[in-house]
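Just below is one structure, and these are the notes that go with it.
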Amino acid sequence: MQKDQTSNAPGSNHIQPFTPRINCICCIGAGYVGGPTCAVIALKCPEIQVLIVDKNQDRINAWNGETLPIYEPGLDEIVKHCRGRNLFFSTDIDAGIRDAQLIFISVNTPTKTYGIGKGRATDLQFVEAAARHIGQIATGKKIIVEKSTVPVKAAESIAKILYSNIDDNVSFEVLSNPEFLAEGTAINDLLQPDRVLIGGSQTDPGIEAINQLAWVYEHWVPPSKVLRTNVWSSELSKLASNAFLAQKVSSINAVSAICEATGADISDVAHSIGLDKRIGSKYLQASIGFGGSCFQKDVLSLTYICEALNLTEVADYWHQVVVMNNYQKKRFARKIIQCLFHTVSNKRIAIFGFTFKKDTADTRESSSIYVGKYLMDEEARLVVYDPKADKGQIISDLREVSSQDPQRVDRLVSVINDPYDAAKDAHAIVICTEWDEFKALDYEKIYNSMYKPAYIFDGRIILDHAALLRIGFHVEVVGKVMKKPVNDLTPF
């Protein structure tokens, strides 16, 4: 085969089957997806050598150390069980590419911050770099698997890059195998997935590659849950799944605004809606908005794809999901300011929770960041407590949204390791993350240490509001109109 031939491209029938079975897997990217996914593969497939590679030496050192670079319940035990046996972490990307028969691309795919599509399109520079690296190093037959979330037709671009760098002894099959993980439950999601989706070319070599990857998953996933499709359907399914989930969150948050305006109770409304089997109860928990690295990014990516396809009305529909989410965060911050007598300047406000959800250390796109920004805009003094978020990351996130005056973060923000210290002398507590420990705090002790009137703003609907009212707190909750505290004597 000559270098410029494309007989191994999707649609061709000339590649020999990928035999024998996979015995070595490489994952490029040691982040929130690649690390847990490949750790579980190593656990369930002890006969397969799994190598996770990343150019970030500090991250690899952490994976090889006692404190892993990401927090995920159950991950630590799996890594320590498999590491050094059939699970390895390294910065030697070349060796991983050479040795593996199957290579996951699991690199960051952020929203573009520059140029055409800024603020909406997916930035594929890291995916392209990984593909070029593979093309330069690979020998023999390789199965390349998109694990990163990418726009539709990204596999086509990967294939073009790979096929432009091959010689006579190299052949590729490109698959799409999107992840459907939720941070905080990622290990359980991997061990007991709703489905595993594998997309590939509908040719003999493509089907053989799909079957090889399916064989890996079928070590623990029932074959009926391993779905096979073409590449484009697989890529779109991932974006559409996250868009649907984000839409559900924004929908219930939109209803929460109506509840607050009418006196309806969002918990009752959500429970009633969720009993409809056509809707279901998942993702119907009203809050201060969704966060994390996926939902907003993927909805914006889908919006941009629709714009590029001249599907203007469809693009507008999906974009409104993000608009509603931003509105919910801003609306919550405005309520805090309004309740604190329309001024929070120089008032100490305790922020309980900074990660975008419980059981993770990830703060990316956390609602806490934006609630904090709006309060800092009004010169509030923020005292942040989170059981897992890194202090440096908290400060960095708040500086990023304070680009016009990053020094104000040093002036207005402190991060404290104890919730009782955070609440001392505060005018208000703001629940931004649904950490279980916040339900078990001694709120009478906290109340006695705060300025009066003492406010609690429950942005996650997790506290015992009746008990808080009895203590004397003024309580404000997303989607509810609360009574005054028992000991409140104000005449209005």
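Glycine is treated like the rest: Cβ placed from N, Cα and C.
Curation does not apply to TrEMBL; its annotations are automatic.
Keep in mind it's a predicted model, so treat the numbers as computed, not measured.
As written in TrEMBL, here are the features:
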type	residues	note
ACT_SITE	Cys294	active site, nucleophile
BINDING	29-34, Asp54, Arg59, 107-111, 148-149, Glu183, 294-297, Arg364	NAD(+) binding site
DOMAIN	350-465	domain 'UDP-glucose/GDP-mannose dehydrogenase C-terminal'
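Feature annotations (TrEMBL) mapped to structure.
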residue	record	Cβ within 10 Å
Gly29	NAD(+) binding site	26
Tyr32	NAD(+) binding site	24
Asp54	NAD(+) binding site	24
Asn108	NAD(+) binding site	15
Thr111	NAD(+) binding site	19
Glu183	NAD(+) binding site	24
Cys294	active site, nucleophile	26
Gln296	NAD(+) binding site	21
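Confidence over the domain 'UDP-glucose/GDP-mannose dehydrogenase C-terminal' (350-465), given as mean pLDDT on the 0 to 100 scale, stands at 97. Between the CA atoms of Tyr32 (NAD(+) binding site) and the residue listed as 'active site, nucleophile' there is a gap of 11 Å. Under the three-state DSSP scheme, Tyr32 (NAD(+) binding site) falls in the coil class.
Thr111 (NAD(+) binding site) and Cys294 (active site, nucleophile) have their C-alpha atoms 10 Å apart, to the nearest angstrom. Between the alpha carbons (Cα) of Asn108 (NAD(+) binding site) and Cys294 (active site, nucleophile) lies a span of roughly 11 Å. Per DSSP, the secondary structure of the domain 'UDP-glucose/GDP-mannose dehydrogenase C-terminal' (350-465) breaks down as 44 helix, 19 strand, 53 coil.
Look at Asn108 (NAD(+) binding site): DSSP puts it in coil.
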